[in-house]
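Q: First the structure, which I've put down as structure tokens, then a few questions once you've had a look.
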Amino acid sequence: MDVDAEIETPLVGNDGEGNHIETTGSSLTAYYEGPTTNSEIFGWCLYSWATEPFIVSCISTYVPLLLEQFARDNGVLSNDHSRGCKVPPVEPFPPGPPGSNNTVAMSVVPLAANELLKRMELQISSSKHVGCVVDVFGKYIDPSSFTLYVFSLSVFLQTLTVISITGFADKGNYKKALLLFFGFLGSFFTIAFYFLDTENYYQAGLYAILANICFGVVNVCGNSFLPILVENYDLSKNPNGEGSDIKAILSSRISGMCSGLGYFAAFIAQILTMIIVVKTGSKIASIQYAILFIGVWWFLFQFPIIWMLKSRKVSSTASLSRKFLKSSWNHDGHNKSLHAQVLAYVSRKMYFFKEYVKIGWVNLMKAFQQIKLLKDVCIFLVGWFVISDSITTINSAAILFSKTELEMKTHELAIIGILSIIFAIAGTIVIPNYLNNYLKITLKNTLLIIILWSSFIPFYGILGFFFESFGLKHKTEMYFLASWYGLSLGGLATISRSLFSLLIPKGKESLFFALFAVTDKGSSILGPFVVGLITDKTHNIRYCFWFLWALLIISLPIFASLDPARGQDEAERFDELVDEDETSYTAI
């Protein structure tokens, strides 16, 4: 009886690059068992090419703008729920002379949020600041808060989903299938934004949540391919050096190629979407056109992955099959009625689904139990939770602040995204090579420098409370800070991975990097939620800079207490520490 639905039959063939290979497969699946090929590596890199524009253009720029505008268009005055916030579009610039080609002057754009509020104040003859709120499940909240709450919820659900599918990917050998399925599904939800009207702000929030969940799954499945590609690479092509050194260099090279391709794709997509926005008049529909373009991009570049990325069997499911035969879920439908066969099939699938989900959560619990033995890993993850919370939330807060306070148009916000990408690439190159290699600054001290560098961004926004002429009062300041942010973001991503990799035990990389990812996602839930609460209560998003600045300052003493040498020693003695811990537990 086929209890696992994965009958392994050897199939002999050629990998297309002259290598004789052997695969195992059935009518449903086929696993490649030959050496890693260049086309396979490129096929893997294409997952980043397909998805990076989504996170950079959609999640970081266009979706927050669309959610906020949809919510605002359906909002009412905070002190008079019978009066709407939405007013007819106005011409912020006088029209040019007849026959002129002054497209900026002749354009008609919606009045910016703060100007809208000033007009409302004049209309009701009140000197008190009037806020705009939107009804969300019976509670009135600020439109910017609606956007932040949506992202907070999406990351929470994304975290639960990612943990639940790790068993499918690692034990069920469904990495490629999950990557493609959620890739196509995410592209559909992204494309669906195009068909929404302004009153569909609930649906817009739902699509944002579902698309972000899909991206999270694709990202985890994609990252999990890297050690497999390295492990199966033919090291005889690189005869110089020790095996472990070659693998480390190879892993860095392949990972860098993937990241670089993703950044380049995001850069191209951001340029093209900015052109779309400008050419279509910088309206709400323009944002939907841009999101549609990204969704189609994601969808189309799934197909090369199908053809080039190979499925590989990374674990045996024999033990699960034996457990299934002994379980109450086993309803043998062989030589029985059609109803019994269907029942047996459904029961088998439900059993393996349950077990795969269980594996993901059990592995997570195991990681939490073992992490207490590594003091410096604990310190790092606590510090990373704090700093990641601030760094990731700065982006969303800055986009919303630029729109509502600085009156920046959609194409101007797209330029912010482009600057962030360019300087993020520079950060990944300059910081590790100049600070680490040239100036000989340690990874720990480099991280502390980056945190101080990053803290200037919210601090500069705080200065706006005390000064009229600077402190994020002008658009040019935001362009400058976008470059500053990109440089710190690129350096932080590079240095944090390098430092963390020194602290974790060999052979446990996947387990501890999964914990690293969960910590990162967990902080991304808290930050937008707190900033949403602050904005909701004050109707002034500038106040959130206090919170973001405080998080960065708090992280400094945490990372200062980190001892990389001690952490490396603990990592080398990890198996010994685990045995001692289990012995003491048994004695109790």
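The backbone N, Cα and C atoms fix where each Cβ goes, glycine too.
What TrEMBL says about a protein is an automatic prediction, not a curated fact.
What you see is a predicted model, and the numbers here were worked out from it, not measured in a lab.
Heads up, here are the entries from TrEMBL:
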- 1-20: region 'Disordered' (REGION)
- 146-165: transmembrane segment (TRANSMEM)
- 177-196: transmembrane segment (TRANSMEM)
- 208-230: transmembrane segment (TRANSMEM)
- 261-281: transmembrane segment (TRANSMEM)
- 287-309: transmembrane segment (TRANSMEM)
- 377-401: transmembrane segment (TRANSMEM)
- 413-435: transmembrane segment (TRANSMEM)
- 447-467: transmembrane segment (TRANSMEM)
- 479-500: transmembrane segment (TRANSMEM)
- 512-534: transmembrane segment (TRANSMEM)
- 540-560: transmembrane segment (TRANSMEM)
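Tell me about the setting of these features in this model.
A: With a cut-off of 8 Å between Cβ atoms, the residues of this chain six or more beyond the transmembrane segment (146-165) that come close are 59, 64, 67-68, 71, 134, 136, 178, 201, 205, 208-209, 212-213, 215-217, 220-221, 356-357, 360-361, 364, 396-397, 400, 517-518, 521-522, 524-529, 531-532, 535.
With a threshold of 8 Å between CB atoms, the same-chain residues lying at least 6 positions outside the transmembrane segment (208-230) that come near it are 36, 40-41, 44, 47-48, 51, 54-55, 58-59, 63, 67, 150-151, 153-155, 157-159, 161-162, 165-166, 169-170, 175-176, 178-179, 182-183, 185-186, 189-190, 247, 250-251, 254-255, 258, 309, 312, 314, 509-510, 513, 517, 521.
With a cut-off of 8 Å between Cβ atoms, the residues of this chain six or more beyond the transmembrane segment (413-435) that come close are 56-57, 60-61, 65, 259-260, 263, 266-267, 270-271, 273-274, 277, 290, 395, 398-399, 402-403, 441, 446, 449-450, 478-479, 482-495, 498.
Counting residues 6+ beyond its ends, the transmembrane segment (447-467) has Cβ neighbours under 8 Å at 387, 390-391, 394, 398, 401, 431, 435, 441, 473, 477, 481, 484-485, 487-488, 491-492, 495-496, 499, 542, 545-546, 548-549, 552-553, 555-556, 559-560 in the same chain.
If you look at the transmembrane segment (479-500), the same-chain residues 6 or more away from its ends with a CB under 8 A from one of its CBs are 377, 380, 384, 387, 391, 394-395, 398, 415-417, 419-432, 435-436, 443-444, 446-447, 450, 453-454, 456-457, 460, 472, 512-513, 516, 564.
Long-range contacts of the transmembrane segment (512-534) within the same chain: residues 141-142, 144-149, 151-152, 155-156, 158-159, 162-163, 166, 216, 220, 223, 363-364, 367-368, 371, 377, 381, 384-386, 388-390, 392-393, 396-397, 500, 504-505, 541, 543-544, 547-548, 551, each at least 6 residues beyond the stretch ends and with a Cβ under 8 Å from a Cβ of the stretch.
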Q: Cβ under 8 Å to the transmembrane segment (177-196), counting only same-chain residues 6 or more beyond its ends: which ones?
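A: Cβ under 8 Å, 6 or more out: 47, 50-51, 54, 58, 63, 66, 70, 165, 168-169, 203-204, 207, 210-211, 213-215, 217-218, 221-222, 288-289, 291-292, 294-296, 298-299, 302, 305-306, 309, 311.
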Q: For the transmembrane segment (287-309), give me same-chain residues lying six or more residues beyond its boundaries with a C-beta closer than 8 angstroms to one of its C-beta atoms, as numbers and ranges.
A: 39-40, 42-44, 46-47, 49-51, 53-54, 57-58, 62-63, 65-66, 69, 176, 179-180, 183-184, 186-194, 196, 225, 269, 272-274, 276-277, 280, 410, 414
